[in-house]
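Quick look at what TrEMBL annotates:
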TRANSMEM  38-57  transmembrane segment
TRANSMEM  69-91  transmembrane segment
TRANSMEM  103-124  transmembrane segment
TRANSMEM  136-155  transmembrane segment
TRANSMEM  161-180  transmembrane segment
TRANSMEM  201-219  transmembrane segment
TRANSMEM  239-259  transmembrane segment
TRANSMEM  290-309  transmembrane segment
TRANSMEM  321-341  transmembrane segment
TRANSMEM  353-383  transmembrane segment
């Protein structure tokens, strides 16, 4: 066990340090090509680790493969639809002619809707069924994708609210359904659940790369055009949303035809269930710790997503954003594979290692603020490795400590402080935008 910990810590230290070496004089050509140079080895490493992390066929219990395919087929469709909607939303709003402040209001509407829904959607899922809530995600996200074609601010606000509500479902109810089926219906082992989480997030990261490339091809294929005599737009930045809507239809049909329904507590609705979840959160030390870890770690992820682009920008070596994103996703797939390979360690112990590595990676990134782009890239890839490792581990930890009857309610309660953290970050960025002109004048 200690050998694995030292190997991971040593590798995470050595990788950014190796990239730092090429910062010296006379290595401009290497810095220029470092993004392209890293792509093949990172792809090879991620595929090799994925192969190494697979469980032997003999260890797979009867029915596990069918359960795996049933869940992943739906998950891939739905998460691909979400990834397709993300990259061009800001660009589309800009193309519609809205100011930065107006666009920020749209984003705040989405995050607010996600935060509000996080307070109640878990109780609804526990009471009326997680399968129904997952189908509701397909409907909400599909409507959001359709409404974004209208260049009417009020309609765009509604679109963002629907998308925010859908996001609250995507990252809670789908996992609740899978864990309940795994533990309560099929009674599979915890090692099988660890592999399930690892494969789920590996698939998500690969889908992110493919969705990003597909969205780019779709946007480049046509121009944004307004329908004559209306404020409805098609083509250009709206095409990824059309593909997303089609995938959501497929996901809806797969859920309806392949999934069983499962529930939490069915005797009460809304406030009593939330009271039970809040009581468990207050009384259970493990639940409180999980809530804090989710808010801190996933809040840092949001800050990272908002700031990695300017951190890597350089007048001499502008970063290729698509390649950089692909490298990040490959680093994350490596992390999710390590989560399976490290199943000899408890989820709690793995999370401790992850948090130490994250602090080290951000410290290294802060040290590189003076212009060491390659060192900064190494630090960011280390962080993305930690992100890929984190999600399977936190999924296992939540499955072990959250009672089944309030699983949906508790999972969404975990997102409340996370959304509050994101709101505070947004408010700080808004304040910086307002103060920036006065700073420049000074």
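Backbone N, Cα and C atoms are what each Cβ position is placed from, and that goes for glycine too.
Only pairs six or more apart in sequence are counted, and the transmembrane segment (201-219) with the transmembrane segment (161-180) gives fewer than three Cβ pairs under 8 Å, not enough to call it a contact. Per-stretch counts of Cβ pairs under 8 Å to the transmembrane segment (69-91) identify 239-259 as the leading one among 161-180, 239-259, 290-309. Of the candidate ranges 38-57, 103-124, 136-155, 239-259, 290-309, 103-124 has the most C-beta pairs within less than 8 angstroms of the transmembrane segment (161-180).
The largest share of C-beta pairs under 8 angstroms with the transmembrane segment (38-57) comes from 321-341, of the ranges 103-124, 136-155, 239-259, 290-309, 321-341. Beyond the ends of the transmembrane segment (290-309), by six or more residues, the same chain brings 281, 319, 321, 324, 328, 351, 354-355, 358, 362, 380, 383, 387, 390, 394, 397-398, 401-402, 413-415, 417-418, 420-422, 425, 429 to within a C-beta distance below 8 angstroms of the stretch. Relative to the transmembrane segment (239-259), the listed stretch 136-155 leads the set 103-124, 136-155, 321-341 in CB pairs under 8 A. With a threshold of 8 Å between CB atoms, the same-chain residues lying at least 6 positions outside the transmembrane segment (321-341) that come near it are 4, 8, 35-36, 38-39, 42-43, 45-46, 49-50, 52-53, 55, 194-195, 197-199, 201-202, 205-206, 208-209, 212-213, 216, 308-309, 312, 350, 377, 380-382, 384-393.
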